[in-house]
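S.K.: Have a look at this one before I ask anything.
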Amino acid sequence: MSLAWRNLQKPFYLETSLRILQMRPSLSLGASRIAVPKLTLHTKHSMPPCDFSPEKYQSLAYSRVLAIHKQHLSPVDTAYFRKPLLLHQGHMEWLFDSEGNRYLDFFSGIVTVSVGHCHPKVSAVAKKQIDRLWHTSSVFFHSPMHEYAEKLSALLPEPLKVIFLVNSGSEANDLAMVMARAHSNHTDIISFRGAYHGCSPYTLGLTNVGIYKMEVPGGIGCQSTMCPDVFRGPWGGIHCRDSPVQTVRDCSCAPDCCQAKERYIEQFKDTLNTSVATSIAGFFAEPIQGVNGVVQYPKEFLKEAFALVRERGGVCIADEVQTGFGRLGSHFWGFQTHDVLPDIVTMAKGIGNGFPMAAVVTTPEIAKSLAKRLLHFSTFGGNPLACAIGSAVLEVIEEENLQRNSQEVGTYMLLKFAKLRDEFDIVGDVRGKGLMVGIEMVQDKISRQPLPKTEVNQIHEDCKDMGLLVGRGGNFSQTFRIVPPMCVTKMEVDFAYEVFRAALIQHMERRAK
């Protein structure tokens with residue numbers, strides 16, 4: 001099945017009245033006209049069509065949900081919005097709340113819903129497997145686990161062919177840390193500032209986003225190094241990123257020579273020479289930083305960094321929790337966009353389209369090193385239901401050409417949103433690759449100081465009120481993360497763009513008062 005049937009939708013234009021902004025089908029195919037209204041906080045958009053009607057919500061009242069949450073669930077405040085959404089149902093790139101309101105999901109459950117909410121094929125496979133076998137643990141064989149291992153390993157280059165199935169990204173990175181230390185016989189592991197590799201006691205040492213750090217000792221043997229951020233970091237230019245959109249910073253580099261990369265490599269060398277032992281265990285890197293706000297490194301940086309790590313006896317770990325499974329478009333795995341071959345790859349989130357599963361893939365040599373030192377076991381890792389769902393997700397990605405859709409629609413989306421940088425002084429940077437885009441908000445383009453969190457919060461609320469859900473990221477929560485399910489269409493991107501632009505206009509109107 002391809003996505004062609006989902007693209008047969010009418011184009012729209014914006015029709016405005018004194019206070020209402022609406023999208024209506026245009027009279028002729030391909031025609032579009034946009035009237036720029038004076039927007040207010042009551043602006044509404046008509047959404048692109050959706051061929052799905054949700055069931056009527058008949059569960060807990062909203063007030064009861066709030067009471068239960070306050071009394072029985074974690075007091076850590078992670079919910080978005082002043083009045084958190086009570087979601088009820090999902091269909092592909094759409095979400096529905098308890099009141100029947102429809103939202104275009106451009107955050108995908110934190111970059112997790114890869115092929116679409118409740119994808120029909122994945123749901124059918126889950127229902128079939130749930131009536132057959134839920135759980136055995138890996139002390140018994142079952143075909144879903146072996147079928148999935150064969151399918152997944154076929155998508156990875158040699159010698160990355162040994163798979164450890166686990167339950168979450170934190171658990172996967174936790175295991176990868178143990179693997180690196182067991183294989184190298186060393187302790188020190190390096191990760192970037194701004195990196196997010198999990199929230200378990202072990203992986204918190206690798207995670208270097210301030211709000212996730214604890215005021216107690218932890219992270220023994222973990223060392224941070226400067227993130228080669230070509231927008232917010234000290235060096236960057238106009239050719240650095242593997243992206244159709246570059247920074248607005250000037251440089252005199254030739255297209256095939258990046259001075260910023262060289263300077264960041266010198267910083268990496270300085271970390272190796274001053275902050276870790278002569279021999280190290282490894283180096284963790286996300287191909288593109290997710291939680292830190294879709295931060296991209298200079299081209300060729302990871303290739304040189306991997307070589308330096310291996311000179312010290314360390315292994316190189318690619319954290320593909322957010323970048324894997326075709327989301328970046330040009331390649332199936334993020335590490336391939338850097339032309340590197342890691343020793344260990346971790347993956348989660350999109351692997352199960354929201355079902356809790358994860359994996360660590362490594363070489364036979366590293367796997368044997370772990371086996372000699374640890375009887376590794378995971379009760380739920382390799383669960384029959386998880387593996388059946390994982391196989392279905394891989395099949396959908398291939399059958400519906402979702403990697404190609406990520407490339408085509410993602411590039412369209414990135415170039416479209418990049419227009420906002422030219423229009424609004426508070427949009428400092430638009431960056432990304434495929435269906436992974438970051439929009440960094442600033443006070444002004446000269447200082448690049450982050451837009452205050454209260455202002456970013458209001459823009460976020462306005463997007464939600466107009467039917468668009470986006471994520472947040474960055475050390476100062478200053479970057480909007482645009483990461484829709486991989487089945488998204490250009491028409492839906494157009495809607496998201498108009499909503500986001502309207503939210504920015506509303507914000508500028510508030511500022512002017």
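From the backbone N, Cα and C atoms, a Cβ is placed for every residue, glycine too.
It should be emphasised that the depicted structure is a prediction, and the values quoted were computed from it without experimental measurement.
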S.K.: Look through LYS151, LYS372, LYS419 and state which residue has the annotation N6-acetyllysine in Swiss-Prot.
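M.R.: Matching LYS151, LYS372, LYS419 against Swiss-Prot annotations yields LYS419.
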S.K.: Out of LYS121, LYS127, LYS261, which residue gets the N6-acetyllysine annotation in Swiss-Prot?
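M.R.: Swiss-Prot records N6-acetyllysine at LYS261.
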S.K.: List the Cα distance (Å, whole number) between LYS453 (N6-acetyllysine) and LYS83 (N6-acetyllysine).
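M.R.: So the alpha carbons of LYS453 (N6-acetyllysine) and LYS83 (N6-acetyllysine) sit roughly 17 Å from each other.
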S.K.: For a quick check of packing: other C-beta atoms within 10 Å of the C-beta of LYS56 (N6-acetyllysine), how many?
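M.R.: By my count, 9.
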S.K.: Rank the modified residues LYS70, LYS416 by the number of other Cβ atoms within 10 Å of each Cβ, and give the residue at the low end.
M.R.: LYS70
S.K.: Please give me the CB contact count at 10 A for LYS303 (N6-succinyllysine), counting all chains in the structure.
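M.R.: LYS303 (N6-succinyllysine): 13 neighbouring Cβ atoms within 10 Å.
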S.K.: Any idea what DSSP makes of LYS416 (N6-succinyllysine), helix, strand or coil?
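M.R.: Once the DSSP labels are grouped into three classes, LYS416 (N6-succinyllysine) ends up as helix.
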S.K.: On a simple 10 Å Cβ count over all chains shown, which one of the modified residues LYS261, LYS419, LYS453 is most densely packed?
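M.R.: Counting every other Cβ within 10 Å of each candidate, the maximum falls on LYS261.
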S.K.: Inside 10 Å of the Cβ of LYS83 (N6-acetyllysine), count up the other Cβ atoms and send me the figure.
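M.R.: If we count other Cβ atoms within 10 Å of LYS83 (N6-acetyllysine), we arrive at 11.
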